[in-house]
């Protein structure tokens, strides 16, 4: 199994599209290189932020391959989850063959399995594909919560190495961290506004939407917290707070794609049924981004000990 350190910042990448809906691979590669140059610890293509639900299986793997080809040393964690275990297994195997360093596996959605169903699903994938795997719990999207007992049982599998927490429940997240501390197991934030609170109780980093827009600041915040400088981490957290909130005023990735367009990082085109950011939120997003641009702190953040 490939070794990977699940500490730090892992941007959940967007999949850029041309106006006709085809994938803009040139922009995708440029974006991967921009984020790697900013100092992130890994890249996560074809997850929820990457609109994986609208990609064919072949497109899914083509995006993974393009990101891998674009970067030098940064690990690539491919989203390969599904609500169909057989389909998740196919995507996971193909992602591994494409050269992915690890897999991000959203819990089965819509069909709402019971806890034993989660255990069976993830164990099947972990037994079959010899890559580090991240269990992803986001009940607001999937309709079902992965409970702490289930997370703790899954953490004992040698290929299940991390848990992405986006439940919004700090008591639950804290319990999972407590119960897996003796395992070689990482707990990552999947909610930018919860990243610093999670780091304060033993979380190891984040799979972040906002890091697409502010990678240096996000790396500085996480790096400061991991090194014990919570005063600095807190200051950056509050500096980024308006961005964290702006990224979720509408369904992800609608706001982040608009922010990418405003910053000149790529187009805001989305695949149906997602639609462009509404005018009522667009002006506020511009204001948030303009405020962040008033201070040129990139060099300071890039030099922060991480």
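Glycine is treated like the rest: Cβ placed from N, Cα and C.
Long-range neighbours of residue 48 (site 'Part of a proton relay during catalysis') (same chain, six or more residues apart, CB within less than 8 Å of its CB): 12, 79, 106, 138, 141, 252, 253. Per Swiss-Prot, site 'Part of a proton relay during catalysis' is recorded for 48 (among others).
Following the DSSP three-state reduction, the secondary structure of residue 207 (pyruvate binding site) is strand. Sequence-distant contacts of residue 207 (pyruvate binding site), defined as residues of its own chain at least six apart whose C-beta falls under 8 angstroms from its C-beta, comprise 10, 11, 12, 44, 47, 77, 104, 134, 164, 188, 189, 190. Among the features that Swiss-Prot reports, pyruvate binding site is placed at 49, 207, with the record citing sequence analysis.
Sequence-distant neighbours of residue 110 (site 'Part of a proton relay during catalysis') (same chain, six or more apart, CB under 8 Å from its CB) are 83, 142, 143, listed in sequence order. The site 'Part of a proton relay during catalysis' annotation in Swiss-Prot covers 110 (among others).
Non-local neighbourhood of residue 136 (active site, proton donor/acceptor): 47, 81, 104, 105, 106, 107, 163, 164, 166, 190, each in the same chain, at least six residues away, with C-beta under 8 Å from its C-beta. Residues or ranges marked as active site, proton donor/acceptor by Swiss-Prot on the basis of sequence analysis: 136.
The annotation active site, schiff-base intermediate with substrate is assigned in Swiss-Prot to 164 on the grounds of sequence analysis. For residue 164 (active site, schiff-base intermediate with substrate), the Cβ neighbour count at a 10 Å cut-off comes to 27, with all displayed protein chains included.
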Coarse DSSP state, helix versus strand versus coil, of residue 136 (active site, proton donor/acceptor): strand
